[in-house]
Amino acid sequence: MENTILLEKPLQKEQTKSISLLLGIPFYIYAVVFSSVCIIVGLIWDISWHMSIGRDGLLSPPHLAIYLGAVVSGVFSGFQVLKISFAGSLAEKSQSVHFWKIFYSSLGGLFCIWGAIAMLTSAPFDDWWHNTYGLDVVILSPPHSILALGMIMVQFGAMIGVLALQNREEKFIGWAKAAIEKRNFRLRMLFVIASGLVLVTIYTIFSEFFGRNDMHKISFYQIASLIFPVFLIAVARSSKLKWAATTTAIVYMFVMASMVWILPLFPAQPLLGPVLNHITHYQAFDFPMLLVCPAVAIDWLMDRYKNKNQWLLSLIIGVAFVFTLLIHYPFGDFLMSEYARNWFFGTESWYFGSDPDWEGRYKFMPWQETGLVDFMIGLGIALPIAVLSTRLGLVWGKWMSQVQR
């Protein structure tokens, strides 16, 4: 659907500034995408902090980065709600969600506001939890679960906010064609950037199943077949960028790899005992999965067979996803080898409380490998999981392609 927005002459100067700087994209959209970046940087930094230093406080630097993301998304989205509700035009209100009989907001803004509230609520809860029970032994402790929910809501809000503008395809009177095309391209890129950041969060939440030690276990492929196709397919279907899933996977890999390369440059020492691995610098989080491989297959197949029956398309993509995902089996061998023990892959990083001489540090232990017969049976289970996940992603993507508020 295309809308035409009429700009009055007194606004021509403001319009020119918008074309040169923001391209007519509301500033809060840039703000919530920035907040998503803050959240991811803080999240991975926090994991590295726990691996390198141990106990953190309520106002530790990684937490402040996460809180900054929450505050920025909440404040700018809240301002957008107040602006549209009490000073917005009829056109702006018609493109917004009306709630509580008073307020108007974009759908993405609502996600950001409630996500920010959840994130900030989790902060004192997490501090109390640590003071009461000590260090977390799992990623998804109760306060972290609330935090994760809030982060996903904020990041999904950034996605939906960009998506609504992309889907409306607004045309501004007096704009040059080149400016309109530049604006549309920027929206498409903002969408895949926001999507890639969500993918980082999804990976991090389930990272306990995706370490290099897990790449010979069938559960690695079954869980990946459940959680990744639905998201990548939804992005590919709703985006107007041709290689959307691939670009999203590249954003994910770049962000993850950048943190592997950057954090170990800074000094860090354990503040808790026992210290079995004496370190002097930050220990990096995981090197990213090679999700760009199945993402390329997704984009190519969706373009080639886009007019096929949706269940047949789901079958084709689901099978392709599982088989391209198998690249992680030899990749796991590589990450265990001495060739990956460098700054680029970061496999020398090791938790300060773990024995650096443990046999399983660079070797698959018996319980970390699935036998051939069980592995093949497990793949037979992973295939229908991937097909169903793909089908759900097609439905979700169709809904997202229609979002305009």
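Positions of Cβ are set from backbone N, Cα and C atoms, glycine also.
What TrEMBL says about a protein is an automatic prediction, not a curated fact.
Look at TrEMBL and you will find 21-44 (among others) tagged as transmembrane segment. Residues 15, 62-70, 72-73, 76-77, 79-80, 108-109, 112, 119, 151, 154-155, 157-158, 161-162, 165, 170, 172, 175, 179, 182-183, 186-187, 190, 193-194, 197-198, 200-201, 204, 255-256, 259, 263, 285 of the same chain lie 6+ residues outside the transmembrane segment (21-44) yet bring a C-beta within less than 8 angstroms of a C-beta in it.
Non-local neighbours of the transmembrane segment (64-82) in the same chain are 26-28, 31-32, 34-39, 41-43, 45-46, 103-106, 108-110, 112-113, 115-117, 119-120, 123, 147, 150-151, 154, 157-158; each lies 6+ residues outside the stretch with a CB under 8 Å from one of its CB atoms. Look at TrEMBL and you will find 64-82 (among others) tagged as transmembrane segment.
Long-range contacts of the transmembrane segment (102-125) within the same chain, counting only residues at least 6 positions beyond its ends with a Cβ under 8 Å from a Cβ of the stretch, are 28, 32, 35, 39, 58, 63, 66-67, 69-71, 73-74, 76-78, 80-81, 84-85, 88, 92-93, 95-96, 142-144, 146-147, 149-164, 403, 405. The transmembrane segment annotation in TrEMBL covers 102-125 (among others).
Marked as transmembrane segment by TrEMBL: 145-165 (among others). Residues 25-26, 28-29, 32-33, 35-36, 39, 43, 66, 69-70, 73, 77, 95, 106-123, 125-126, 187, 190-191, 194-195, 197-198, 201-202, 205, 238, 400, 403-405 of the same chain sit 6 or more residues outside the transmembrane segment (145-165) yet have a Cβ under 8 Å from a Cβ within it.
Annotation source TrEMBL lists transmembrane segment at 185-206 (among others). Long-range contacts of the transmembrane segment (185-206) within the same chain, counting only residues at least 6 positions beyond its ends with a Cβ under 8 Å from a Cβ of the stretch, are 23, 25, 29-30, 33, 36-37, 39-40, 43-44, 47, 139-140, 148, 151-152, 155-156, 158-159, 162-163, 165-166, 223, 227-228, 231-232, 235, 239-241, 244, 247-252, 254-256, 288-289, 291.
Residues annotated as transmembrane segment in TrEMBL: 218-236 (among others).
According to TrEMBL, the transmembrane segment annotation covers 243-264 (among others). Beyond the transmembrane segment (243-264), the same-chain residues lying 6 or more positions past its ends with a Cβ under 8 Å from any Cβ of the stretch are 40-41, 44-45, 48, 188-189, 191-193, 195-197, 199-200, 203, 232-233, 235-236, 281-292, 294-296, 298-299, 302, 343-346, 349.
Taken from TrEMBL, the feature transmembrane segment covers 284-302 (among others).
Tertiary neighbourhood of the transmembrane segment (311-331): same-chain residues 215-216, 220-221, 224-225, 228-229, 233, 289-290, 293-294, 296-298, 301-302, 305, 379, 382-384, 386-391, 394, selected by CB-CB distance under 8 Å and a gap of 6+ residues from either end. If you look up TrEMBL, you'll see 311-331 (among others) marked as transmembrane segment.
Taken from TrEMBL, the feature transmembrane segment applies to 375-396 (among others).
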